[in-house]
Amino acid sequence: MKEIDIRENLITGRQMTFILIHIAVGVGFLSIARSIVTEGGRGGWITVLLAGIFWIGAIYIMGKLARIFPDQLVFNYVEIIVGKILGKIIVFLYFVYLLFIISLILSQFAAILNSFLLPKTPIPVLLFSMLVVVGYLAEKQLKNIGRVFEHLFFLLSLGFGVLLPIIFRIDRYNLFFEIEFSKLLKGTQVSLFSLAGLESFLVMYPLVKEKKNIQKFAYLSVAMVVLLYVYIVIINLGYYGEDVIAEVIWPTINLSKVIRVPFLGRLEFTFVLLWVIFAFTTVSGLYYLLVFGLQQKIPVKDKRKLNLFLIPVIYVITQIPKNLIEIFELSQYAGIFSVIFGFFIPLILLIIARIRGFQEG
């Protein structure tokens, strides 16, 4: 990739932090409590902490690999490490993964928006509207996206703060430290997958201006996402209890129905709007990385032309899952690939690079 391209897309470490947070959170916060408690039991929130430790390790490995080629994109130096043929295959599979996860998030976006806010709006209209806006944002520079995400983060933080006044049954909290080790592994697996998107750190590394504290900013991203998920799981578990929460598809939205704020009434629509923002920022971040990566590997450099190709392709993929059950099942595969691209492939590339004599810098 030309140096001018990197210079035009440079972001600060702070902006990278918020981009990673928004990409990782996605739409998972609506159903994560159900998924984690179903598999991990009352101690499910602990599995989120364990998943966070895993991803901190993954960030460390990705950082070690990226420091060998600090000013090159992973799309390019992967071919230097393993050769052109295998390198192109890895990059191609990563692009397929991005298409897959973007499409899954959009499928959830359309289903929930159609159920809670716009029941009379056809789902294809919702999908294309989202894709057009995301495509437009992808034509901007990454630093602009980083600024938008930074401002939205503080807005979303205020929104989640309203969960605090809810009254819970204290007896449910007394059981939070009852860990069933048979469920710990399954719960940790679900938690690992719920943090999909953090592997984007490897792509953004060369686009950060100051490399000195880049690892710390990435660790901060993991910590903030983990704390948010732990907070959501504990809030929902404390209200519903283990048995009930497993039967609720969207526990956080249902929980918002019982929250009443003076002059605002019930907050379910407010939470759906917050979710729309999360879905939008997640898809926007991933879609930008997809377009940016394709620009480096194919002759087409015009983002508008790439949009004309990608938007119909993504729309077709969104039609594959026929219902929410299929979407949830496919999401597990997306989580598996996120771990592969965020941990195993970087680890293998790092080992091969060391064997071949590549050093940091």
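The backbone N, Cα and C atoms fix where each Cβ goes, glycine too.
Unlike curated entries, TrEMBL annotations are predicted automatically.
The annotation transmembrane segment is assigned in TrEMBL to 16-37 (among others).
According to TrEMBL, the transmembrane segment annotation covers 43-63 (among others).
What TrEMBL lists as transmembrane segment is 91-117 (among others).
Within the chain carrying the transmembrane segment (123-139), a Cβ under 8 angstroms from the stretch's Cβ atoms is held by residues 106, 109-111, 113-114, 145, 148, 279-280, 283-284, 287-288, 291, 303-304, 307, 310-311, 314-315, 318, all 6 or more beyond its ends. Annotated transmembrane segment per TrEMBL: 123-139 (among others), in sequence order.
Annotation source TrEMBL lists transmembrane segment at 151-170 (among others).
TrEMBL lists 190-208 (among others) with the feature transmembrane segment.
Residues or ranges marked as transmembrane segment by TrEMBL: 217-240 (among others).
TrEMBL lists 272-294 (among others) with the feature transmembrane segment. Counting same-chain residues at least six beyond the ends of the transmembrane segment (272-294), those with a Cβ under 8 angstroms from any Cβ of the stretch are 9, 19, 22-23, 25-27, 29-30, 73, 75, 91, 94-95, 98-99, 101-102, 105-106, 108-109, 112-113, 116-117, 130, 133-135, 137-138, 142, 145, 148-149, 152, 155-156, 159-160, 197, 200, 203-204, 253, 300, 303, 306-307, 310.
Among the features that TrEMBL reports, transmembrane segment is placed at 306-325 (among others).
Marked as transmembrane segment by TrEMBL: 331-353 (among others).
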Contact between the transmembrane segment (16-37) and the transmembrane segment (331-353) (3 or more Cβ pairs under 8 Å, separation 6+): no
Candidate ranges 43-63, 91-117, 331-353 - greatest C-beta contact count to the transmembrane segment (306-325) (under 8 angstroms): 91-117
